[in-house]
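Q: Here's the feature list from TrEMBL:
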ACT_SITE  Cys275  active site
BINDING   Arg82, Tyr222, Gly223, Gly224, Ser273, Asn389, Ser390, Arg391  substrate binding site
BINDING   Lys231, His251, Asp298  Mn(2+) binding site
BINDING   Ala274, Cys275, Gly276, Lys277, Thr278, Asn279, Arg391, Arg422, Phe517, Gly518, Asp519, Asn520  GTP binding site
DOMAIN    23-243  domain 'Phosphoenolpyruvate carboxykinase GTP-utilising N-terminal'
DOMAIN    247-606  domain 'Phosphoenolpyruvate carboxykinase C-terminal P-loop'
Amino acid sequence: MGDLARLPLLEKAPTTHAGLLAWVEEVAELTQPDRIHWVDGSEEENTRLTDELVAAGTLTRLNEKLFPKSFAAFSDPADVARVEEQTFICSENERDAGFTNNWMAPAEMKAKLRGLFSGSMRGRTMYVIPFVMGHLDAEDPKFGVEITDSAYVVASMRIMATIGTEVLDKITATNAFFVPALHSLGAPLAPGQADVVWPCNPDKWIVHFPEERSIWSFGSGYGGNALLGKKCYALRIASVMARDEGWLAEHMLILKLTSPEQKKYYISAAFPSACGKTNLALLDPTIEGWKVETLGDDITWMRIGKEGELRATNPEAGLFGVAPGTGWGTNPNAMRAIAKGHSIFTNVALTDDGGVWWEGMTEEVPAHLTDWQGNSWTPDSDKPAAHPNSRFCTPIDQIDMLAEEYFSPDGVELSAILFGGRRKTTVPLVTQSRTWSNGVFMGSTLSSETTAAAAGQVGVLRRDPMAMLPFIGYDAGDYLNHWVNLSAKANQERLPKIFLVNWFRRTADGGFAWPGFGDNARVLKWAIERIEGKADAVETPIGYVPAAGSLDLTGLDLTHSHVEDAVRVDPEEWAAELASIEEWYGKFGDSLPAALRSELEGLKERLAAQ
Ligand code: GTP
Ligand code: SPV
Ligand code: MN
């Protein structure tokens, strides 16, 4: 970096890791920040940064009595969700990105990004955030370093991951590999130029280099675009590491279910964005004697354990949950965690007493609010008060029902895996797969109506394999093959059973056929009883669905549930579904695993034989 004024700051760097120092120096040279700050993760540092963000208008401090040490942020209206159109997997060969990803040759993309990042941090502070996804004392800790020019990102990463000095010291001491994750808002400041409250750039690029295991994110300050430990690392890059190292990185929650007999089961579930993972992970069962505890709500890393069992851990330290629909009625456990404070809310509405509100938080709608865009709002307003993808960012250890196993680097042995989507029709409440590969088939053909979690149209039906469509870091066919092959490496007796679920089926009058939320515990109970050989099922062409009387409906409000509608397998709907699945499978070309092709043939034959 020659004799630039920044050099003394680098000399004072709290590490001797040559690779890290060289990268920080290279990025500083490229992006030209005014200052470099190595994030230590301390309380004092967090207080200073959030004070600065309040002074800048980026954060609004909430009423200390209602939400201690908590803040609200309001983004640019054009920066409210992940941008899938602008997300790239830049593998050396286009084939390795597969048809589900955007691709550009790495050299071409790097040249483009160097242009965009050139001087992009002028007038700003460059923060260096050492972080680890998963346990710092795991056998093979997964380190990263995010460089960002956003203090909001620093404060949010502090909630979502383990960051700071203890991580950097371990990276240094073990001369560890780390994923370099570079982020810039793309909003440099000229001398004397006033800042805006949510700097960003209309041109957004979320780019992954899987062979190099690096991330470059430009132009957005929001969620999965900017908190690079989350979707970019723990799913897209980690899925590639997992392919190479024989494990899986998945868009899944993990929960612990304890039966009235005190038997413990661990279940993971993959649902697309804004389709119910956080809610299921924090479920309050409506059936007597069954208890749920939480291990994770968004990302699961799974590997085969020493005895051939499938073990799961949550690499995150916080929740970045959808706010709307999270309420005292539907998800009291999340509400209690949020009420403990230490949270950052983004794009929610403000109450007149300095608290936050969003649609579905309370039954009673406040008479007056300030909406997420800063406008005065009343119940007569024709727009929602909170953005549909508004979020709460809260430390996971504030969940009262957090399972103690969350803290174990070894994780838990899974008994069941659920795949689920948001489908108005066709897909029954719950279906058990016949075999592992039949379950992988269910996951590979998972479909869901799009939500506000990603920019673009909402409510459009699309295939979303394993709820990973936006997150598979390599060829989708190779990814499915990796899933198929996992069973051969596992102890067959201990392989988790796979189920397909749908909480979102509608009745003819448009209402939900199934009440969902706490009542989903009834479906978990049925799944466990299937595994234990206790619950009856009907064999259908698509798999096993609950036999009449086999779902525990004790105490269920039957005026608001239409269980028969919810579990029905309709031959006409499935004829249309089959055609749509065939079209989907056609997109994979040669990379579709043979085992899945024969699953499709099997389904076709069974449907025809009906
Ligand atoms: P991401 O964080 O985007 O990955 O989302 P998620 O999968 O964690 O979804 P979340 O649990 O936040 O739920 C998203 C929306 O679905 C919320 O508005 C919930 O109220 C709603 N929802 C969740 N579970 C159910 C359910 O069982 N039934 C119904 N009808 N709605 C549900
Ligand atoms: C999702 O979209 O699946 C999320 C939110 O969990 S984000 O972190 O923005 O990706
Ligand atoms: Mn998610």
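Note that Cβ sites are derived from N, Cα and C of the backbone, with glycine treated the same way.
Predicted automatically and left uncurated, TrEMBL annotations should be read as such.
Tell me what's around each of these sites.
A: On its own chain, Cys275 (active site) has Gly420, Gly421, Arg422, Ser448, Thr451, Ala467, Phe504 as residues at least 6 apart in sequence with a Cβ closer than 8 Å to its own Cβ. A coil conformation is recorded for Cys275 (active site) in the three-state DSSP classification, outside any helix or strand.
Around Tyr222 (substrate binding site), a 10 Å sphere centred on its CB holds 27 further CB atoms from the protein chains shown. For the recorded site, Tyr222 (substrate binding site), the DSSP three-state label reads coil.
Here the Cβ of Asp298 (Mn(2+) binding site) has 26 other Cβ atoms within 10 Å, regardless of which shown protein chain they belong to.
In the three-state DSSP assignment, the secondary structure recorded for Arg391 (substrate binding site) is strand.
Confidence over the domain 'Phosphoenolpyruvate carboxykinase GTP-utilising N-terminal' (23-243), given as mean pLDDT on the 0 to 100 scale, stands at 98.
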Q: Report, in whole Å, the straight Cα-to-Cα distance of Thr278 (GTP binding site) from Asp298 (Mn(2+) binding site).
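A: With distance taken Cα to Cα, Thr278 (GTP binding site) is 7 Å from Asp298 (Mn(2+) binding site).
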Q: Give me the CA-CA distance between Arg391 (substrate binding site) and Thr278 (GTP binding site), in Å, as a whole number.
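A: Distance between the two Cα atoms comes out at 12 Å.
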Q: Among all the protein chains here, how many other CB atoms are within 10 A of the CB of Thr278 (GTP binding site)?
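A: That number is 24.
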Q: Let me spell it out: for each of the binding-site residues (Ala274, Arg391, Phe517), count the other Cβ atoms within 10 Å of that residue's Cβ, using every protein chain shown. Which one has the most?
A: Arg391
Q: Sequence order is fine: just name those binding-site residues in Lys231, His251, Phe517, Asp519 with a Cα within 10 angstroms of Ser273 (substrate binding site).
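A: Near Ser273 (substrate binding site) by Cα: His251.
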Q: Can you see whether DSSP assigns Asp298 (Mn(2+) binding site) to helix, strand or coil?
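A: In the DSSP reduction, Asp298 (Mn(2+) binding site) maps to coil.
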